[in-house]
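For 1-82, the entry in TrEMBL reads region 'Disordered'. Annotated compositional bias 'Low complexity' per TrEMBL: 11-26, in sequence order. What TrEMBL lists as compositional bias 'Pro residues' is 27-42. Residues annotated as domain 'Ig-like' in TrEMBL: 65-173, 239-313, 327-454, 498-591, 799-887, 1009-1097. The domain 'Fibronectin type-III' annotation in TrEMBL covers 600-696, 698-795, 896-991.
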Amino acid sequence: MPEPVKKAEALAEAPAEAPAESAAEPQPAPAPEQTPAPPPAETPTVDQTAAPPPDAPPAEDGQPPDTRQDLTGLFTERPQSGEVTVGGNITFVAKVNAESLLKKPTIKWFKGKWMDLASKSGKHLQLKETYDRNSKVYTFEMQVIAAKANFAGGYRCEVSSRDKFDSCNFELTVHGELDRNIFVFHSVSSSEPDVDVWDILSAAPASEYQKIAFQYGITDLRGMLKRLKKMKKEEKKSEAFLKKLDPAYQVTKGHKIKLAIEVANPDVDVKWLKNGQEIHPTGRYIFESVGNMRYLTINHCSLSDDAAYSCVVGEEKCTTELFVKEPPIQIVKNLEDQMVMKGERVELECEVSEEGANVKWEKDGVELTRDESFKYRFKKDGCKHVLIINEATKEDCGHYKVKTNGGESVAELLVQGELKAKDQAVFKCEVSDENVRGTWYKNGVEVKSDTRINITHIGRIHKLTIDEVKPEDEGDYTFVPDGHAFNLSAKLNFLDPPKIHLDCMGRTAESTIVVVAGNKLRLDVPITGDPAPTVIWTKGEKVVTEGDGRVHVETTKGHCVFTIEGAERQDEGVYSVVVRNPAGEDTADINVKVVDVPDPPLAVRVVSVGEESCIVQWDPPLYDGGQPIIGYVLERKKKKSYRWMRLNFDPYPETTYEAKRMIEGVAYEMRVYAVNGIGMSRHSLSSHPFVPVAPTSEPIGLCVDDISDTCISLKWRRPERIGSAELEGYGVEYCKEGSKSDEWLPATEGLTDRTALTIRGLTTGDKLQFRVRAHNMAGPSAPATLAQPVTIREIMQRPKIWLPRNLRQTLIRKVGDTVNLVIPFQGKPRPQVTWSKEGEPLKPPFASVRNSEVDTILFIRKTDRQHSGKYDLQVQIENVEDTASVMLQVVDLPGPPEALKIMDVWGFNVALEWKPPKDNGNCEISGYTIQKADKKTMEWFTVYEQYRRTNCVVSDLIMGNEYVFRVYAINLVGLSQDPCNTKDSAYIQKTGIAYKPPSHKDHDFSEAPKFTHPLVNRSVIAGYNATLSCSVRGIPKPKVTWYKNKMDISNEAKYRMLSKQGVLTLEIRKPCLFDGGVYTCKAVNASGEDIVECKLEVRRKYPIPPNGQKNLSLQF
């Protein structure tokens, strides 16, 4: 260890350098040649109030500055100051890491201290935010578009999340021209000359604006610039004012000012306004009216009087700006020189003339700011301003200066070293003359030489040496030269090794400190040591500092306090406290456990639903908060609602819960909270929406549709009750007779949406039971089961042809039509099907036949006359057969009539006669069409249509014209293609040639009604339309009436009566069993009446089999 030496010169210096152990200070001093960069002009410190934004209201008296500091360090990237020209764009970016945040951070952008920019978004300002899910980083952007000159100034970005907060200040500089004409103020009530602030500002960079404002007492620089810029308007001649207010006035704080105007009308009343609000006369505001002059006097001006003032006369107004200038701040109490020991607390204190004044601190000409280690602290208490250095080091020696805009004060700080026990202390001083003698004193008592204390004088050097320093040697040592009025002093301190006094230390359960997350963690550790030891807190290998804002480390006499505001999960671990001083060090470990509410439960799912209930399951949280899980709390809500309803108030210990009392058909969501001894977690993610529904009723009508040696066909009908959920399908299962009830095997993979199913691949001879269940969201319904097991084997069934009703009558088709006859049949095993026509088998060129297990199809693509005839169908199984016949009639247009002759001509009439055509088109001729034509024009006109006889008389012919005639034959298909024309013509003679017809007696054609075709008894099936037909003749046409069981049914809607060409038809629509009976048709005319009747039997659609007889036949 080097020998410490103390050299006394003009002033006593500290002892020599401390031992090597003391070099490991936690806060090394910066190199002397490094000059700290000045802070941004807009960054407020503890003793410096930031200027308000340009468009912010002026600060009121006593408004505290915004001294909020970064608390948590949420920013991963802070917005940086920038520069832009007028009209340009600039973007400021801030990034926040949300990995450790419980909720989305909230961002706010401010201009100055007050203006929230969220409401200013628009054409020139846009705020954006993005989120990167991979890195979990939020990016916030503030874009300034088409910047203007008044956008320049200080901005602040604040981010907060729950109990965490962070902020950052930055500057925007807008380059452009300023108007210098309005920066000359009229100084009122002051002896100082007018100051042109523009000349000063224009010659200085933007970074010096705050300094200039500080020097000249300008409290609202940007507000002044903005308001004065708005006032620059073109002067207009006023009719009400002879002399207006000047654009701006300036007054010193505490003085008075008089504003004067001259009006044109001496009798007019004026109003004075302050920031748009009318001013009323008070003790401070005095109104005067002298002739045409009007005065406003403001006494004892304060910062609140810094505003825009207006004088209103009628509709005209003149406005001025009043700026209140603070008087120079004087230093009332100067700083004092101090000499302290290394590691002691230093407080340099001064007092100024005004409360809340701004001051600046400098060390050796370099401005002091808050560095990262908070080495310097600035305290403001009324008029007092204090610079605090917590632990002084050798590097803190120097000259400290405090400056105001009205003065400055300087003091010197000296830091001395210390000694350990068993060291040698040497005090040495040099005088100007070697003949000068002197005396050494300790605390005012003269020091005498002994075995440990040695006093020597060699030349001009006087030395005091103390060997093996002891605690009692501590004190102030002074050398007093003989015959001189000054002395030199130095202090000797004795070091005591540091010691940590804790009852329990280590990592055992008994020594663990438990703290609830969010609460304050305070570790108060008693320590001793002289000098006061330096305290370092570490967690693992990392030194814990106050960088994140939540951590505070404080050392007082006898204690070191470690505090974490709002403890979090990552704060858990072993903390080590190390205390050091030049005499040694001591270490202790403290185990800290942070308990918290648990994480939310995971994977909330609904495993089943009922008519008004559901079963919910979830997984326990990954982190239980350091305390065992007590239980869970569940909530539910309707999907379209925002209101959650709690289902249980006591913690539920299981992870499966049955929720009841829900509404069927309404969609719900569920979420779960975990509860431990600390509290309740955040809610889990909501489950997928679900709908409480009940299973459907069982399918109905399950029966065997078909069966063979290896397969079976089942069919059933939909359930009677489906419910609010859609039917998803049917599940078909089977099991062998005698097996256990739970050995049901699925017949198909998944569900089928049809109501019929064929199950293949079964074993012949097995006796199986089948069941069908309907499925919906709630699950399967009750099963529908066959009444008894079914044996898998082929069943013999007689062949039977089910001839459709429309084929039991003659089938009429036109030439060229398509014929497609589908005729079902039954029979097991599969029968042999044969088609023939008039005894000859059908061949493919003539007609096509296609057969299946249950029906046969006869197909003729294009019919011809030769396809007419009788078709026989034979279905045969071994020697058992069944037959059926189908009559097909293919019809065509008829040929022309034959032998059309003019039989007689008389008057205006012509008698015609002809013969039927040779070819009737394979159907009955239904009538004829007779046409006439004048030989001059040969235009044909129809005389008769649907004329049934083969002779006629054409009347109403024109005299003098010659006519020819033709006749067309008509059948079911239509008119014949060619007519039959008369060979001769008929000439109608002119007047004068009278024709005397032969006289004859008129014949009586009247005839009593007579049925030419009676009604026939019929037997019909219920549900199919039935008709009763007969024909009648009589002249004149008889009136027809229908009766059922002698009751008139003419007005019944169920019946329809038709009459065509003497053929009478009664159509009964879908008769039922009650429509059977005796039907009567009665025809009446003037000559008489006739009656015909028949019986109608209506049979059931499905016959009822005899009792005890099982019918396994297929029904079609």
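Backbone N, Cα and C atoms are what each Cβ position is placed from, and that goes for glycine too.
By the count of Cβ pairs under 8 Å, the stretch nearest in packing to the domain 'Fibronectin type-III' (896-991) among 239-313, 498-591, 698-795, 799-887 is 799-887. Counted over residue pairs 6 or more apart, the CB atoms of the domain 'Fibronectin type-III' (600-696) and the domain 'Ig-like' (1009-1097) come under 8 Å in fewer than three pairs, which marks the two as apart. Taking every recorded stretch in 239-313, 498-591, 1009-1097 and counting its Cβ pairs under 8 Å to the domain 'Ig-like' (65-173), the highest total belongs to 498-591.
Per-residue pLDDT, averaged along the domain 'Ig-like' (239-313), amounts to 87 for this model.
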